[in-house]
Amino acid sequence: MRIFCLLQVIWLATCSGSRSRNWAHHGASMFADLTTVEMKAVRAYLHGIPDMKLTNARDGTLKKNSILLIELHVPKKVEALRALDNGQAKPPREARVVVQFGNQTKPNITEYIVSPMPYPNSHRVNHFKAGKPISFDSRPKTNVEDAHIYNFLQRAFAKANNFLLETTGGFSFTNCSKWCLTFIDVAPRGLGPGERRTWIMLHKSVDGFFLHPVGVEVLINHQDLDPNKWTVEKVWYNQMYFNGVDHLVEKYESGELEIVKLPNHNTDDLFSTYMPRGQSNTPTNIYGPKLVEPQGPRYRVDRNFVEYAGWSFAYRVSSSTGIQIFDLRFNRERIAYEISLQEAISFYSGDTPAGMQTKYIDSGWFMGSSSFELASGIDCPEIASFVDLYHYQDSDKPVRYRNALCIFEMTTAMPLRRHFDSNLRGSYNFYGGLENTVLVLRTTSTVYNYDYIWDFIFYQNGVVEAKISATGYIHGTFFTPNGLHYGTKVNQHLLGNLHTHLIHYKVDLDISGRQNSLETLNLEFVNFTNPWSPKNSVVQSKLRRTEHKTERSAAFRFGKTLPRYINFYNPNKKNKWGYQKGYRIQFNSHAHSVVPRGSPEEKGISWSRYPLAVTRYRDSEGASSSIYAQGDPWEPVVNFEDYINNEDIVNKDLVAWVTVGFLHVPHSEDIPNTATPGNAVGFFLRPFNFFDEDPSLSSRSAIIVRPVKDGKSHIQRWTPDVVGHCVTDKPFYYNGTYAEV
């Protein structure tokens, strides 16, 4: 009988899951990233238009018309909801395409929307809000431009070869074999709009080269599309500025230049490597704990659609910005239409010119397509479902990124809830507990030196967590005594520069529908006469609710204390107890402003003024940043501040814009890498009267124990007693390549 009941439960769950999966898959495809077939079709269509005169992106010249980016153009929300909620036809799949027109009198960047997939036959210009044009100088750097910069540096420093060999411990640009120099470029590329001037730091080309600056920084003007016309405007060395490489060499050869000689390079003592060193007491002949699925996965994945423990959602990974989820539901009831990564920045301080100029805005480096292969057993458990991603960015064919996204269920090794009910006489009345298992959707971005680990975590009690963990190499500059004001000395010639990470998300909440409102809850003290002892008074906390009626009222600035509870609710839907159904945002963040309002670059990151801003949904306000903000933060095509005015937000379709982050003052333990513990921030979406009770009560993983006679106990459980051992016998494998397909 017990076996029959168990089979019946499994059958019912399977049937329910199948119905849900078939229903939701109808909509999930609207949010699926473009296939390689679709990408190639878009390229062929545009290359077939004679007036565009498109050539290959990897052609060596900069003076060309070429495609920079092809990715999904997400449909308008109202059209998607017609399909999701009313069963109407899905809108046609479209592609967003960024084209660089460099081979014409006035070079420009133009974005197109190409449709329909998979056989495109039309295109239209994609306009930003208020029709702001895209400056050609704001374009992201390409691989071709990167190669020209390296060749330019080789030519520029040909006369300085002796200087480089003497000061770097034998490294140079020419005939260098294993002792070559490389470079790191920082941004923004100038001090105002219309510039393309970049500070370059020279580094040893070794493992972890980010930690090996040689003390030479160069300002190059590479605005002209002919690299032969590029110039060196400044050189910095040993706290001195020079008017070009020739000026530096002149001072060096005359003996007037005080030099700093780096020690000879020792490949066996490279502090930037991952090679183990130091004492460890952990046995190496015994495997550590492993995550297992004794009877297979308990979640379902159908292309970009996922179901787990009442949750369902579609996902995609934008090439420009990264991971996004759509149509997030719990027990088929929508909680959010979209939760998407928008931007990540890291603003630095420094004593060297490159250090003080480093203000990274990572979508300008295509953090979405920087999603490289995940290592099984390290980046994700061996049991994870791994997914290949395909990006068409700065290439001539789609590029396959193997195993770049993973999905897995894990235990948190922390009960979701538990209680030991003591009888206060040396025994107990009962023990009750529920294991806490969660589903994780994970990808990463390796943007230059930093590695970001992006997680969406789904809990059985209706909570979803957005989490970012930072690791990778610190961004360091050559050590100077004055640099100690702006960081920490972490090696003999290396300063770890202080910086702040900020991450921005779009959270389009649809709490049981599109008609939502916002309230905040704070505490205030009240003092009143004690009713049962009039000689005394009672001092206690009292709830104070504030309804926010306009966008400006709901824009919470950094520097002011956030309300204790931030609750989005549906005024028209109530739970069993008469409360309006809601979800609250709970922050896990140590963020603060990176630059004062009105600073030159601050306009391009005006979203960073607010840990939270709430606006009404607008199709024209789909993103808070752009891939052009890095190149032109002074006159950005997307100015988030324009989204905030005095529009009514009561009983409207609302979008929460969430900023999280942390300050990083580098320290010795950041060598060789920044570790993830303590460097994780994010936010939770937590039900607040959305359900009638904790929805995780539906989990059959609960256990209840009651004492019986003779010290024995009666155990109630709804899962098998013993599960056995189930560890993979597959050896570790990692490919690491990504190539056009």
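Cβ from N, Cα, C; glycine included.
Copied over from TrEMBL, here are the features:
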type     : residues : note
ACT_SITE : Asp362   : active site, proton acceptor
ACT_SITE : Tyr450   : active site, schiff-base intermediate with substrate
DOMAIN   : 48-121   : domain 'Copper amine oxidase N2-terminal'
DOMAIN   : 165-238  : domain 'Copper amine oxidase N3-terminal'
DOMAIN   : 290-697  : domain 'Copper amine oxidase catalytic'
MOD_RES  : Tyr450   : 2',4',5'-topaquinone
Point to revise | Residue pair the residue listed as 'active site, schiff-base intermediate with substrate', Asp362 (active site, proton acceptor) - Cα distance, angstrom, rounded | key: 10
Point to revise | Number of helical, extended and coil residues in the domain 'Copper amine oxidase N3-terminal' (165-238), per DSSP | key: 10 helix, 31 strand, 33 coil
Review point. Between 0 and 100, where does the mean pLDDT of the domain 'Copper amine oxidase N3-terminal' (165-238) sit?
Key: 96
Review point. What are the DSSP helix, strand and coil residue counts for the domain 'Copper amine oxidase N2-terminal' (48-121)?
Key: 13 helix, 26 strand, 35 coil
